[in-house]
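Visitor: Dropping the structure in here first, questions after.
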Amino acid sequence: MGTTILPDIGTEILVPVCAVVGIVFSLFQWLIVSRVKVSPGHDSASANSGSGKNGYTEYLIDEEDGGNDQSVVLKCAEIQNAISEGATSFLFTEYQYVGVFMVAFAVLIFLFLGSVEGFNTSSQPCKYDETKLCKPALATAVFSTISFVLGGITSVVSGFLGMKIATYANARTTLEARKGVGKAFITAFRSGAVMGFLLAANGLLVLYITINLFKIYYGDDWGGLFEAITGYGLGGSSMALFGRVGGGIYTKAADVGADLVGKVERNIPEDDPRNPAVIADNVGDNVGDIAGMGSDLFGSYAEASCAALVVASISSFGINHEYTSMLYPLIVSSGGILVCLITTLFATDFFEIKAVNEIEPALKRQLIISTILMTAVVAIISWIALPSSFTIFNFGTQKVVKNWQLFLCVAVGLWAGLIIGFVTEYYTSNAYSPVQDVADSCRTGAATNVIFGLALGYKSVIIPIFAIAVSIFVSFSFAAMYGIAMAALGMLSTIATGLAIDAYGPISDNAGGIAEMAGMSHKIRERTDALDAAGNTTAAIGKGFAIGSAALVSLALFGAFVSRAGITTVDVLTPKVFIGLIVGAMLPYWFSAMTMKSVGSAALKMVEEVRRQFNTIPGLMEGTAKPDYATCVKISTDASIKEMIPPGALVMLTPLIVGIFFGVETLSGVLAGSLVSGVQIAISASNTGGAWDNAKKYIEAGASEHAISLGPKGSDPHKAAVIGDTIGDPLKDTSGPSLNILIKLMAVESLVFAAFFATHGGLLFKIF
């Protein structure tokens, strides 16, 4: 249908080079962060050369507050060590269980897909062109299994590296806060960027290498090649599910236990070293909000890429073996890494943060700059990497598409992501009236706070859903299911910046905790609190992006599944489909019930243990005795490992049970139902929890006359706000974020097993 300006050799150079640039940039950021020494003495400031606004030669400005006391620095290092050890220990325990699952599921993939043609090793007529011969189903089984394992390992490594970087940076952020809020901000943001760029670049590089290695065997059978690649997305998301659920249960069990006994019952500050659950709480920020989130967004990226590649492989790109056009999704992601690199410099080098009120605008600027630059880059990529006209597979027919139409598909996803981000910020930031209204409702107690918070969450769903709906309509009208997959990739194209902003939040939260535990001055704690408050909002924005992209990714995977399973139409009026639809819509509620109950059960044990220590350890409240942190860490670890298995099993087994016993039509209904209800619950749960959290912080900060009238800490409105925050914890950090994995994972799993379900599925309907 036409040639591309960018030759194939250009693509072969561009994609891996951009990935390597991303990795090098992340290592460079890590090197700069490592210059902040977590050791006593003036050498932490003077040993580093470099001057100017982002140099490290400034003297500490809080020496008169005891901020440079050697014992304080040693204390910071000690606390950092405890948090890092706790997080590493938990992740290793979690990965042992997840490793067993990975092996078992890999065997299942091989057996199910291999049995499609009875483990036949001879070539078969191609599904979409029977005049040609394609590789046997056994080959798809082998290569799908390999790509599943690769995706799983990449996901696990992404999460683990993120956690290591966050625990490396938290105390350094605390120590930099002695030089001013600007220094602390840059340290936290650079550390977030390390994670963002490592994850984006690793995901891209592993996928690119896997495609090229598989190509050696598959040759011209691109349909088979990219069908096998879908295992990469399944591996990434299945590991993310356990990371999100396990990490979410861990962090919220510790958080709820620490808050209920410490703040509400004992009236001691957040992160007070006397609180036995304080280390477990800070460990939780890293295993849930960093490792879990990293795996989650990697899963979204992998699945969006796989969905786009599967549809493209049966379109003119794949049929005519147009290598550059075929890898258009990867080229867009490569451009995204370069855009995010330039965007990061605006936060770390081009502008200096001098005051607390400049933090949130600086983070919002990141989103705006990356979106504007990415729009221009996608226009260029669409011009050079696509022919002027081509065809896209559209449920049995080939739809003619122009390159500018595909550009608009990516752009609409990109801008929809920005809209969802800003709407999320409006509903969760205490700078705006929705959260201030929730805070005001605390005057009359916790009940009105809960009512206002729930109403806010439900209302916050409206605009994001319209944004997603417009994206779907525009992208499907232009380029069918491939357009939707590219809209999802558009939303995720600035993933490195999104992750940097997201990871910044938990790092700042930890930094505040370390400052409190190390007994640093009130001035330093105020700075870390300001960083943390901005981080809370950006974390909510990150969750909004993750949920929005999950909706588009799931729909694209759903389209690929329907095509692969040979379904021509999904008719809601047929009983087979409708029963699937209504059961699918119920699944997010069942899943949320499981995760919420798990947090509640684990928190119950934590509360009992914290109470026991306060009641039985003499001198604990006076600060003369040390609490037993290790027992609380163990409670969180044991509870989360045990409790993450049932929700994980629900998600992983549902497509298999429905596909085998009820067939592909009912399964298509289940996928559609879970997508429609899951997105709504995920958005409302995340935003309700985020609003309650920031309403509490609004009262604590006392930055306006209205906030002062509700405070101070320990007042009745503040106690009501703490209760709201505690209820919101499992909503915003466990159930909400895990739901987007539920809808993606069920869709990608159905796609991987589509051939098996189409051949052997629907046993009950065959019997009766």
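Every residue gets a Cβ built from N, Cα and C, even glycine.
Keep in mind that TrEMBL annotations are predicted by a computer and have not been checked by a curator.
Note that the structure is a prediction, hence the values are computed from the model and not measured.
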Visitor: Name the residue range among 136-163, 640-667 that TrEMBL annotates as transmembrane segment.
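Guide: Of the candidate stretches, TrEMBL labels 136-163 as transmembrane segment.
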Visitor: Counting Cβ pairs under 8 Å that are 6 or more apart in sequence, does the total for the transmembrane segment (545-567) and the transmembrane segment (326-347) reach three or more?
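Guide: These two segments do not touch.
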Visitor: Do any residues, 6 or more residues outside the transmembrane segment (573-591), come within under 8 Å Cβ-to-Cβ of it, and if so which ones?
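Guide: Counting only partners 6 or more residues beyond its ends, the transmembrane segment (573-591) has Cβ contacts under 8 Å with 647, 650-651, 654, 658, 662-663, 665-678, 681-682, 735, 738-739, 742-743, 746, 765.
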Visitor: For the transmembrane segment (326-347), what are the same-chain contacts with Cβ under 8 Å, counting residues 6+ beyond its ends?
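Guide: Beyond its ends, the transmembrane segment (326-347) has Cβ neighbours at 6, 11, 14-15, 18-19, 21-22, 25, 29, 186, 189, 193, 196-197, 200-201, 204, 207-208, 211, 222, 301, 304-305, 308-309, 312-313, 317-318, 362-363, 365-366, 369-370, 373-374, 377-378, 380-382, 385-386, 406, 410, 485-486, 489-490, 492-497, 500.
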Visitor: Looking at 136-163, 298-319, 367-386, 461-485, which one has the highest count of Cβ pairs under 8 angstroms to the transmembrane segment (406-427)?
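Guide: Looking at each of 136-163, 298-319, 367-386, 461-485 in turn, the most contacts to the transmembrane segment (406-427) are made by 461-485.
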Visitor: With a Cβ cut-off under 8 Å, give me the same-chain residues at least six positions beyond the ends of the transmembrane segment (136-163) that come close to it.
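Guide: Residues 87-88, 91, 95, 98, 102, 105-106, 109-114, 116-117, 119-124, 195, 198-199, 202-203, 206, 210, 214, 217-218, 224-225, 227-240, 243, 286-287, 290-295, 298-299, 302, 503, 752, 755.
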